[in-house]
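Peer 1: Mind looking over this structure? Questions follow.
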There are 2 protein chains.
Amino acid sequence: MSVTAAQGFTAAGVAAGIKASGRKDLALVRNLGPRFDAAGVFTSNRICAAPVTWSRQAIADGRIDAVVLNSGGANACTGVEGFADTHHTAEKVGEELGIAAGDVVVCSTGLIGARLPMDALLTGITTAAADLSADGGLAAAEAIMTTDTRPKEAVRTVDGWTVGGMAKGAGMLAPGLATMLVVITTDAVVPAEDLQSALGAATRVTFDRLDSDGCMSTNDTVVALASGASGITPEATAFLAALTEVCHDLGQQLIGDAEGASHDIAVRVVNAASEDDAVQVARSITGSNLFKCAIFGNDPNWGRVLSALGTTAAAYEPDGVDVSFNGVMVCRGGAIGEPRELVDLHPRAVDVLVDLHAGDAQATVWTNDLTYDYVKENAEYSS
Amino acid sequence: MSVTAAQGFTAAGVAAGIKASGRKDLALVRNLGPRFDAAGVFTSNRICAAPVTWSRQAIADGRIDAVVLNSGGANACTGVEGFADTHHTAEKVGEELGIAAGDVVVCSTGLIGARLPMDALLTGITTAAADLSADGGLAAAEAIMTTDTRPKEAVRTVDGWTVGGMAKGAGMLAPGLATMLVVITTDAVVPAEDLQSALGAATRVTFDRLDSDGCMSTNDTVVALASGASGITPEATAFLAALTEVCHDLGQQLIGDAEGASHDIAVRVVNAASEDDAVQVARSITGSNLFKCAIFGNDPNWGRVLSALGTTAAAYEPDGVDVSFNGVMVCRGGAIGEPRELVDLHPRAVDVLVDLHAGDAQATVWTNDLTYDYVKENAEYSS
C-alpha cells in the first residue's frame, strides 16, 4: 500500500518507455487534501540534478500537491536543457491534474549525464494521471526501481492516522542521504513547518546513517506529504516515532537489497564521547573496502576495524577499544581477544560492536559487504 | 640493486620461517658509514603498530645504523607483548651487528592482530646478519613482499652520488602514505635534519598521493639513510629532485602492482584555486568505488566523477567543470560533452583530467580500478 495507505492519496506507476527494458518507469503520487503540507530533504551533493534544484524551490513554501518520479535517467549534469526538461515535466503534471506546476515535486533516477526521452515521459504522465487510484501504491513503488530487485514499502498506523512510504535505491548509498528517492505520505494533520522538522530528525538517524558504498548521489530526495484527511492532529513525539519507524523500515529495505551484497552489516559504536564521534567512527569502518571484503569472505578481521578507527579524530585510547563481531569480543583493549574462529559470519546479518570506553554516546551506521556482484553490477552497466 | 646501489650499505633477505609459504620474509639493511644520518616518515593512523612506535623513537635523534624488516605479520594491535617483541628484535640486531638497539629501525607488515613467531624471527636475524653483502639489495626487496607480485626497486645516480630504494605494498594504499614499507639509501652527505625535510617534501607529492583502496595502514614507514660514503655534498635542490624521482618511481611500481588491479589511473585536477583543493577533489574521485568499478568495466562514466566532485568543499562552479578521459572531453561545462564512445579505456594506463576553471593550482593522485580480483584477494585471505 505504501504511499496510498494513508487517506487522501492516490498513486500510479506506468511503463512510459523511458527504460529500454519496457518495465514500469514513471510514478505519480497525488495529495487530494484537504491539507497539502509538505517537507523535503535533499542530497547535500553540490553537483545536484535538475529535478533536485526544481523540487527544492517547489517545496520551499510548504505546499506540494503531487510528486512525479521517473527511473531510467537521473537528469543530472544535463545543463539548462535538463532543467527545462524538469520544468516541462512539472507543467505537464500540472495540466493533467489541474494544479500549479510550482506545487509539483519532480524526482529522477538513473544514469547521470544523459537527457531524458521527453516525448515518452510526457505521454507517460498522461497515462499515469488517468491511472491514479487509492490502490496505486505498489505500482508506484515498482515504477521507481532501478537496480532494485524488489519494491520497498512501509506503513505504520497509530490511533486513527497512518504514515506510509515507498523508496528506491540500491547503490550510491552514502552519507548525506543515499541514492534514493523516498515519498512518505500521512493523513495526520501536520503543518508543513512541523513536518519539515520531524522529517529532518527522522532522516538524520535513518537514511543519513546508511552507507552502502560511500558514494553520494546527485539526486537524493526524501519528500513527505500530509493530507490531514484523518482529521487527527497527533502528538509531535508520536508522529516523529511513527515517521522514524517508516524511515528506518525503508532504510533497512534499501540496505537489504543493495547491489550485489551478501551481508547486511550494522556497525554500532558505543560509549563514545559524543554522538558525532560515534558516527565518525562508524562511518570510517563502513567506508573501508578492506573491512567490507573481509565480511564478504566471512572473516572477522578486526585489524581492519581498528585501522579504520585510527583514521578518525574521535576520542579514545588505542589500548582501550573493544571490538565484537556477532557477540564475540575478538579485540579487547586494542589487542587480541577471543579467538576469531568463534565468530560465525555465515548469516546475512552482521553485528559489529565497537566500544570506545570514552563516554556514553552511541550511533549505528548500516552498510553492506563488498562482493564480486557489486563490482559486476557497477562495471558492466552504466548507472 | 636498490638499497645497496649507494656506497656504504649492505643488505640481506632470508627465509626465516615467518611466512607459512617458506618464502623470504626477513630483510636487513646496514649502513657502514662514515655517516649515519637518517630520516623517517610514518603512518598518520592513530592505531599504529608496535614497530612504528619503536622506530619513531629510534629515529628521533637523526641516527640509524640498520633497518630490519619482516613480512608475514604486522605486529599491530598486539598490546605490550607486541611492543616487547619489537624491542627484542632491535636488541637482537644490535647484538649481531655490534650496534646500539636504539639505532635500529624495525618494520613489520602482514596480518594485523597476531603475534609474530619470535623464535623464527630472531634466528632469521642471525642468518641475515651473516648474509649481509653489497649485492643483497634484491634479496632484501624480495623479503619484504606480501601480496606484491614483484619486488620494487629504484636507483638514481647523479654526479658521483646515488639514491636507491626498495618498497613493498599492494593493498591498503591510501592518503597519509600507503600500506608500504620503504627504505631509501644514499651515499651523499646529507645531515639528518636536511634529510628529514627532503624526505617530507618528496613523500608529500609521491607516496602520499597514492590511493589504491582508501584504506590507511597501521604500519606505513618510509625511512631514508645517508652514509656520506661518496664524500659529496649535493645541492639541496639536486638531492631533492633525485630523492623525489626515486620515491615517484617506487610509488608508480606500487600502483602498478596493486591487488587485483587491471588499470592504473592518474586523476589530474588542474586550474584549481589551491593545491589543497586540487588534492581534495582528486582524492574524492580516487575514493569512489563506483568510479573505480566503471574504469574496470572500461566505461568513461563521467557522472561518477562529478558526483564525487560534488561532495568536496573545493572552489568551482558546477557548470564550469570539464572532465576528460584519455584526452576526450566527455563532460564540458558540467554537462554532456564529446560522445563517450570516443574513449578507449582498454589500455592499462588511464588519464582522467578534471579542469575546475577556478585558479592555477594542480595535483595528481594515482589509484587503481576496483575489480573482482581485488575483492577476491581481500575476501579470501586475511591480511
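Cβ from N, Cα, C; glycine included.
Pulled these features from TrEMBL for this protein:
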type     : residues                                                   : note
BINDING  : A:Thr146, A:Lys168, A:Thr179, A:Glu259, A:Asn378, A:Ser383 : substrate binding site
ACT_SITE : A:Thr179                                                   : active site, nucleophile
Peer 1: Have a look at the binding-site residues (A:Thr146, A:Lys168, A:Glu259) and report the one with the fewest Cβ neighbours inside 10 Å.
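Peer 2: Sparsest of the binding-site residues A:Thr146, A:Lys168, A:Glu259 by Cβ contacts within 10 Å: A:Thr146.
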Peer 1: Run a quick check on A:Thr146, A:Lys168, A:Glu259, A:Asn378: which of these binding-site residues have any Cβ-Cβ distance to chain B under 8 Å?
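Peer 2: Cβ contacts with B, in sequence order: A:Asn378.
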Peer 1: According to DSSP, collapsed to three classes, what secondary structure does A:Glu259 (substrate binding site) have?
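Peer 2: Coil, per DSSP.
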Peer 1: What three-state secondary structure does DSSP assign to A:Thr146 (substrate binding site)?
Peer 2: coil
Peer 1: Other than its own, how many Cβ atoms are within 10 Å of the Cβ belonging to A:Asn378 (substrate binding site)?
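Peer 2: Its Cβ has 29 other Cβ atoms within 10 Å.
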Peer 1: Using DSSP reduced to three states, classify A:Asn378 (substrate binding site) as helix, strand or coil.
Peer 2: helix
